[in-house]
Each structure stands twice: as structure tokens, then as C-alpha cells.
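**Q** Just passing along the structure, written as C-alpha cells.
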Amino acid sequence: MQRRIMGIETEFGVTCTFHGHRRLSPDEVARYLFRRVVSWGRSSNVFLRNGARLYLDVGSHPEYATAECDNLVQLVTHDRAGEWVLEDLLVDAEQRLADEGIGGDIYLFKNNTDSAGNSYGCHENYLIVRAGEFSRISDVLLPFLVTRQLICGAGKVLQTPKAATFCLSQRAEHIWEGVSSATTRSRPIINTRDEPHADAEKYRRLHVIVGDSNMCETTTMLKVGTAALMLEMVETGVPFRDFSLDNPIRAIREVSHDITGRRPVRLAGGRQASALDIQREYYTRAFEHLQTREPNVQFEQVVDLWGRQLDAIESQDFAKVDTEIDWVIKRKLFQRYQDRDNMELTDPKIAQLDLAYHDIKRGRGVFDLLQRKGLAARVTTDEDIADAVNHPPQTTRARLRGEFISAAQAAGRDFTVDWVHLKLNDQAQRTVLCKDPFRAVDERVKRLIASM
């Protein structure tokens, strides 16, 4: 499948600092965030004009699921649009607090752990064909995903009673299974719950829940681009060495704690390989695969960065990637503060900086400040993100959903939508079922809109 439907779901951490004596719980702060949404959508679970889904997930975490995208830059742009949508709700909620005499600053973090040790996720979705053995995909993908944090981890300072350690991944400590149908109880690497949101006879949806939430656009593009390439190679029968892991859950933690990538990981059957070895094998296959498939500039950029990051890890000289990979950017930032102020990783200021890196509010968040200074690379523009806040991708089913929602809202009509259904809640209860996520034009939807 050379054209693939992809999407990213991001849960955001919420906290609030209050100016007066009145205090609100995280649940109450989250409800303030969603008041404007509930006022027009009559629910805290809505679809937006840009085709995305916005809702309040378990544990008071706002969640934004991008619309269906079919290329990498489009997906990164719509992922960033989610940050802007949430930031807009943040500003509105702070004004509501002020109007009610509850002064406070709300913070939304695009990260994966809070100070209490709770974890929330960034889930990737990839459409795959129903035909073929799912176990073949999961067998190849598990070692890839366990070691992928080398190239696209968000970075984290892990505080223990004895010391502090810089880790590659925020999510690695919170994963407890390899492949499972659960998402919250056991937190697997790959979720097997079969909800394709498409024609179930043709497709299924690969749901990856092991990844970190990335701030840097190039890291997000690398994360989804390498996974999409891996799927494409598995589907076309590219042979891979067997890197089946003896214990994926132990391995994912071991990899996260080793920024050299050289620590041996135990494979099934008693063999060993380093995370760097495993990633290098996948990179080499991807590089060769690009020579045989039709040209794709975005995949070429992904494979180029993949190779440069592996070279940087091998040499431990990160100068050529220190604006493109989240954990490298963050580690460099920490080292600068440590050198300047002679502080240890255990210093509370480092923990504060670690959190502030993920603050999505422009002009306040540390990552945004780095990006404005040119210290974090981009693949989108602010103009494209602003457009994605208001308009769906034009090449997928999301276009139909977005146009239907816009028309229904403009006409003041009562409607219901989900990923596959568009419904007018009138006497006729007219519904259009959109089972093909690749289809951006549909006469049935045009007629439904024209009837409003």
C-alpha cells in the first residue's frame, strides 16, 4: 500500500496555577476548557470542521484525534493544528476563570507523564489491508517499535531515590505488554482491538500506542514515516532478520536508559543485538526499498534523517541532528543549563524545564521559544497550520466530513457524525455511510448537503 491513511491521537496533560484562594481540581479545569465546546456541540465529544475529533478522555485528559491524512507533511500539519485548537480553548478557559473571579493560568502539556507518575498517550493509526497474517506485521514491528525510541523519543529525566537518569522515551516505563486488545489497563505496544473505521472486509487499523508525544515536527514525521515504511516493506515481502525479543517489556526499558544504543538486548533463543544494530538493519532495508518504489520526496527525507540520527548515535556527535530530534534537542538544552549554572540532573529546575518543553502555549512553552530561534527544524508553516485548524485534508474522507459539518452548522441543522457516518437528525433521519477513507468526493454527500 503506497498510499496509506494515517492519523495521530494525542492526549494532553492539564494543570492550573491559581492566583487567589479558590482552587479547582483537574476535572474542573478540564470542564472549563471544554465549556465552549459543550456550548455549541452539546457534548465534550465532538467532530470539528477540519474533520478531527476532540474529546475529554479518561482522567481529565483532552484528546485530539487528527482527521484521516494520506501523506506525512499533511499529518504533521494536522497534528500541530490540534495544539492550536487546544491552545485556543486554553485562552478561552482562562478568560472564563477571570470573569468568575478565579484567577489562574492553565497549562496544557503535550507530553506523556505527570508528576504523580501517571501516563497518557500518543497513539498512531495506520490503515493496513485485511489480507495476510497480522502476526507477520506484529512480529516485524515489535522489535522496530521497541528500538524506535532511539530515533524519535521525546526524552525525559527519570528521577529515582538515588539519582536522575536521562532517558530516550517518556512512554517506555509505562508499557506492560507486547500485543494486546487493551489500551489503558495493560498498555501494550500494539493494540489489536479491531475497529477499522472503514470497510472491514478490506481493511484493518493498526493502532500503535507505544510512541511518545513529539514537539518537533521533523521528529513526528520521522516517527510516522519510518513506521509507514516498515508496513509497506512487510506488505511487499521485504525479508528481515529475525529480531524477535525475549522480553519486549524489559527490552523497551533497557533501550530507553541507554542513549548510546549499544547495550545488548536479549533476543528469543538466547541471541543478543543492540538497539543500534536492530535499527541499522531496518534503515538499510528501507534505504534499499526506496530505490525500487516510485519516488517519494517525503520518504526520502525520512530515510535521510533516520540514517543521520543512527550515525549520530554511533559517533555520539549529535551536531548534525540537534535541531531535528526531540530527545537530542532536550538533552542539549539540559546540558546548557547544567554547564551554565553548575547544576545536576536532580536539580528541580531541570524537572521544571523538562515539563516546560512540552507547554503548547505559544510564547510561553520552551519548545516554541526554541523553534522561534531556529533551534528546532520544521516541515510545516504557521500559515498551513492555521489552514488545517479550519479545513480538513482535501485528499481523504475527512473532506466529506468537514464539508458536511460546516454546511450543517451554517444551516443551523441538527446532525450527528462519526468516522464513517454523516447523519441529519431530521424527520427522515438521512444517513450516508462513508466506508472508503480514501474517497474525498461522494455524490451522496453532495446531495445530503444540497438538501439542507
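Every residue, even glycine, has its Cβ placed from backbone N, Cα and C.
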**Q** Can you find which of Glu9, Glu124, Glu133 Swiss-Prot lists as binding Mg(2+) at the same site as Tyr55, Glu63?
**A** Glu9
**Q** Among the binding-site residues Tyr55, Trp419, which residue has its Cβ surrounded by the fewest other Cβ atoms within 10 Å?
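**A** Lowest Cβ count within 10 Å among the binding-site residues (Tyr55, Trp419) is Tyr55.
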**Q** Using the Cβ centroid of Arg53, Thr66, Trp419 as the reference point for the ATP site, which residues of the same chain not in that list have Cβ within 8 Å?
**A** Gly7, Glu9, Phe47, Gly51, Ala52, Ala65, Ala67, Glu68, Ala398
**Q** Using the Cβ centroid of Glu9, Tyr55, Glu63 as the reference point for the Mg(2+) site, which residues of the same chain not in that list have Cβ within 8 Å?
**A** Thr10, Glu11, Arg53, Leu54, Asp57, Pro62, Tyr64, Ala65
**Q** Show me the subset of Arg53, Asp57, Thr66, Trp419 whose Cα is within 10 Å of Glu9 (Mg(2+) binding site); these are the recorded positions I mean.
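**A** Arg53, Thr66, listed in sequence order.
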**Q** Between the Cα atoms of Thr66 (ATP binding site) and Tyr55 (Mg(2+) binding site), what distance do you get, rounded to the nearest Å?
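**A** For Thr66 (ATP binding site) versus Tyr55 (Mg(2+) binding site), the Cα atoms are 12 Å apart.
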**Q** So the record assigns Arg53, Thr66, Trp419 to ATP. If I measure every Cα pair among those residues, what is the longest distance in angstrom, as a whole number?
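**A** Greatest Cα separation within the listed binding residues comes to 11 Å.
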**Q** Could you measure between Asp57 (active site, proton acceptor) and Glu63 (Mg(2+) binding site) for me? Cα positions, answer in whole angstrom.
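**A** The Cα atom of Asp57 (active site, proton acceptor) is 6 Å away from the Cα atom of Glu63 (Mg(2+) binding site).
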**Q** Roughly how many angstrom lie between the C-alpha atoms of Glu63 (Mg(2+) binding site) and Arg53 (ATP binding site)?
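**A** With the alpha carbons as reference points, the distance is 8 Å.
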